[in-house]
Amino acid sequence: MFPFDSLSCEIVLESYSFNTDEVRLMWHDVPITMMEKVELPDFDLIGWSTDHQRLEYPNGIWDRAKVKFTFARRYGFYLFQSYFPTSLTVISSWVGFFFDVRSVSARITLGVSSLLALTFQFGNVLRHLPRVSYIKCLDVWMIFSVIFIFCTLVELAIVCQLNRWERERQIGSKVLGHWLNQIRKTRKKESKSGEEGTGLLRKRIPVLAQLKAAAAASDSSSATPTTTTIQAQGSENNKAAGNNFTTIEHETFAYEKKSGWSHRFRQFVYTLCPPDRDWTITSVQVLYCLLENE
């Protein structure tokens, strides 16, 4: 319990060579008389007590008179030199709780300075104390003071991390909202363009029969002997149209071929996993997904 402990000092009175047959030791009604007030720099005499014993030895029985003085330690010095300064150091480390979250450097400086000051005070106190192996009350006080200041630094780290997550959530929600809107717009545009392309191909498919018939008629007319320039030009245009028809035919066949199950499966896979997509996952995206699940 140092420095709030008390000490006991005993004085034993006993005859060395005379037993109770020759010498008897007894206490008076007022066993102790104080000639003057006892004053010590570190202790106060708070009381005493007397005791009488009879001990058996091989040579007989001896009397023993025992008195015990109790002293209480004066802890005023330790209060002013250890407890009050360390208390103020711990309280000063709590001032950082009232700082703004963004003033991280000031809070770190305050916490580390308080920790170093407390360590210096603890070393200064231990320098004037005896080296003992047991734990004293002053040691417990100092250890808990260090733990309090260390907890303020841990609180600073937790608050900074929560503040960073909050800012990322506020900024990331806006960024992700804009990002998702852009993705939706691009998908809508792609779907509209795909529908327009398939519609044009579907419109071209019924016309193929008419174009083939016109090409056959132009071939038959070109087989008969003609002399007019208009008919020659018509035959050339019909041949060009026939070539175009062949190209359209190939495109239509390709479209019909792409409309099979394999093409549908590829479209489904490309919809889930686009080949041109950036698969880099950021912390903002993960945080957004967690918030959506919550």
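Each Cβ is built from the backbone N, Cα and C atoms, and glycine gets one as well.
Feature annotation from TrEMBL assigns compositional bias 'Low complexity' to 219-235. The annotation domain 'Neurotransmitter-gated ion-channel ligand-binding' is assigned in TrEMBL to 2-74. The domain 'Neurotransmitter-gated ion-channel transmembrane' annotation in TrEMBL covers 83-226. Residues or ranges marked as region 'Disordered' by TrEMBL: 219-242. TrEMBL lists 75-99, 105-126, 138-159 with the feature transmembrane segment.
When the domain 'Neurotransmitter-gated ion-channel ligand-binding' (2-74) is classified with DSSP, helix, strand and coil residues number 0 helix, 38 strand, 35 coil. Within its own chain, the transmembrane segment (105-126) has Cβ neighbours under 8 Å at 78, 81-82, 85-86, 89-90, 92-93, 95-96, 99, 138, 142, 145-146, 149-150, 152-153, 156, counting only residues six or more beyond its boundaries.
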